[in-house]
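Engineer: Supplied in structure tokens, the structure appears directly below.
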Amino acid sequence: MSESTIIDMKQINKGYMLGTEKVPVLKNVDFRVEKGEFVAILGPSGSGKTTLMNIIGCMDVADSGEYYLDEQPIHCMTEKQMGIVRNKEIGFIFQNYQLIPTYDILQNIIMPLVVRGMTTKEAEKRCMPVIEMLGIGHRLGHKPSELSGGQKQRASIARALVGEPALLLADEPTGALDSASGRDVLALFRQLHGLGNTIVMITHDLNVAKAAGRIVHIIDGCLA
Amino acid sequence: MRLSEIGRLVWLNLIQNKFKVFLTSTGIIVGSATIMLVIAIGTGGKLEVAEQFKNLNAGSIDISYEYNGSGFTGGMSGGGMPGGGMPGGGAGSAMPGGGMGGRFSPFDGMGNQMNMTRITLSQEDADNLKESIPEIASATISYTTRQEAEGGSMDESASYTIAGVKENYADISNLEMAIGAFLTKDNDTYKERTCVLGYSVAKEMFDSVLDAYDSPVYIDNRSYVVSGVLMEMGTVASGISPDEAIFIPYETGIKYLTGKDVSPAITVVAEDVNDVESVMEQIVPVLAETYGEKVEFTISDAGSKMEAASKSNETLTLLLMAMAAIVFIVGGIGIMNVLFVSVKERTNEIGILKAIGCDQKDILTEFLLEASCISFVGAVLGVLVSLGITPVIEGFSVRVELSLGGGVLSLLFGVMTGTVFGFYPALKASRLIPVVALNHE
């Protein structure tokens, strides 16, 4: 594994119990992503792409295999250590935004920094350049329910970016948006990629996947 | 995450759900108010008992005789006067030590067949007891009746408790003089029409204690000179308060008010409080020598009475405590229930927090702090409610002694209940698996 590799997965297997039977979801997956890459994992429903994303995002663990994120052996980590990795190394962008409905947009955006141990004041100061870049400065005091889908996704992207993570992980980022907003978000991803961010995007839509620099197909738990 | 930031998140959640917080904390409000009031009523009860017994000689023992013959019931007991309408128990209660306790007789089980003979206890009986039982320090005899009396600025006479007492009654009963002197042996020997007024009687008749001294008082239309007025003694354990009584010489009362057919009570005082039981055991055989063994006397000691009153107060306090505990448990379960619902409602939020790196400890702290804050709000409201209710309870003649300690304790109990019952839901929230919580619908 070279220093330029950010994701290095070897022989990853994952299955779920369905009654008494174990159903394999990922089968001997080998997957590498280099720093600065924009990769799309493309596959139909039930192909195992969300499970793969959960393992990449340290929200789930593989049954077997090795996973290194920025040279850190995730497969050997405890839940607490994985929490620290999620906070410092990964920025999540979800299909349905996953903003906390009772917090306003600013509070939602600064949460990764607050979790990291910053005060609200420090975190607000730190996140301002990102907010300006995403053009949502005028919506900071609003609750998520008061924003359009596109604005919510921008807020979600801002939250993913404020912690300056090594990896941006996007799960169907345009899935809940209209086509215009979807195009905006993809343009934003290209812009972020241009700024040197590593992005792994999961989608079932080939047109969306085409925004990435590399497309990896997943079918029945196997990468093609 | 910093504790201050967790606190800020808790604050945000609470202020956005004010009504829910209020409803959740209802159980704690009631529980805290109950604890505060239980402590206040318990303390008030203790003070009340202490005040009622402050003038009581702990070593005193009352002996009275209840005649069960026809035509004489209840009110005659221990001091009823011929033809007088003594309230039941009044006679005994006017004596030092009051009129409580059991009957001592070698013929237990005889029931109403006992005491069919009329007996009048006398000064000789009191002297005999003192001489026969070495542990007795002093003995006195007294009786009470009710008579019309007037004096000073009163427009018309009113009914007062008149106590016929010996000169040593004041010492035995720990009575203190505000002005003048208590009745003397000569007053009794020569059947002088002199009297000592209780504090309230003096104020009622003359408006002031000073004006009462050396003034005439009319009892049953005969004039008596006020030789002294007692200090204010406050409420007593039961029966008649010294404040409300007029004390006259024993023999004077027999001559002018009651006649010979009176049922007085003897009060003896043991040398030592520890001798009370032994003295009580010796009284029966001594009296049996004079009146025979088929006579049943009512013998009661002040210590038992104090103990009974204290025990009754303790029982009441325990009962209220049990009630408060039940209320707290119900309130705690209410908080637990609401927090479980809250965890369920906020599963997705917990998933988001975990996805961005919040660890178990942070989630546990947030939910636990939320439970503590809800219960703290409830406890504070409970204390305020108890302050508001206090005048209402006092309106029912219940003494309520609010204290800072009681307030602090009820706050502590309230917060503790919420925290303890909030722990399990908080733990459950903190243990949610991130990916499961995040995908929770």
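Placed from the backbone N, Cα and C atoms, the Cβ positions cover glycine too.
Heads up, TrEMBL stuff is auto-annotated, nobody curated it.
Sharing the record's features from TrEMBL:
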TRANSMEM  B:21-42  transmembrane segment
DOMAIN    B:22-284  domain 'MacB-like periplasmic core'
TRANSMEM  B:318-343  transmembrane segment
DOMAIN    B:322-432  domain 'ABC3 transporter permease C-terminal'
TRANSMEM  B:364-390  transmembrane segment
TRANSMEM  B:402-424  transmembrane segment
Engineer: When you scan the chain for residues with a C-beta under 8 Å from the transmembrane segment (B:364-390), skipping those not six or more beyond its ends, what do you find?
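Structural biologist: Contacts with the transmembrane segment (B:364-390): 3, 6-7, 9-11, 13-14, 21-22, 24-37, 40, 331, 335, 339, 342-343, 400, 402, 407, 410-411, 413-419, 421-423, 425-427, 429-430.
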Engineer: Mind checking which residues of the chain, 6+ beyond the ends of the transmembrane segment (B:318-343), have their Cβ under 8 Å from one of its Cβ atoms?
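Structural biologist: Counting only partners 6 or more residues beyond its ends, the transmembrane segment (B:318-343) has Cβ contacts under 8 Å with 20, 23-31, 34-35, 37-38, 41-42, 350, 367, 370-371, 374-375, 378, 413-414, 417-418, 420-422, 424-426, 428-429.
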Engineer: What is the three-state DSSP composition of the domain 'ABC3 transporter permease C-terminal' (B:322-432), stated as helix, strand and coil residue counts?
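Structural biologist: For the domain 'ABC3 transporter permease C-terminal' (B:322-432), the helix, strand and coil counts are 95 helix, 0 strand, 16 coil.
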Engineer: Same chain only, please: residues at least 6 beyond the ends of the transmembrane segment (B:21-42) with a C-beta under 8 Å from a C-beta of the stretch. Say none if there are none.
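Structural biologist: Same-chain contacts beyond the ends: 14, 313, 316-317, 320-321, 323-324, 327-328, 330-335, 338, 374-375, 377-383, 385-386, 389-390, 393, 398-403, 405-407, 409-411, 413-414, 417-418.
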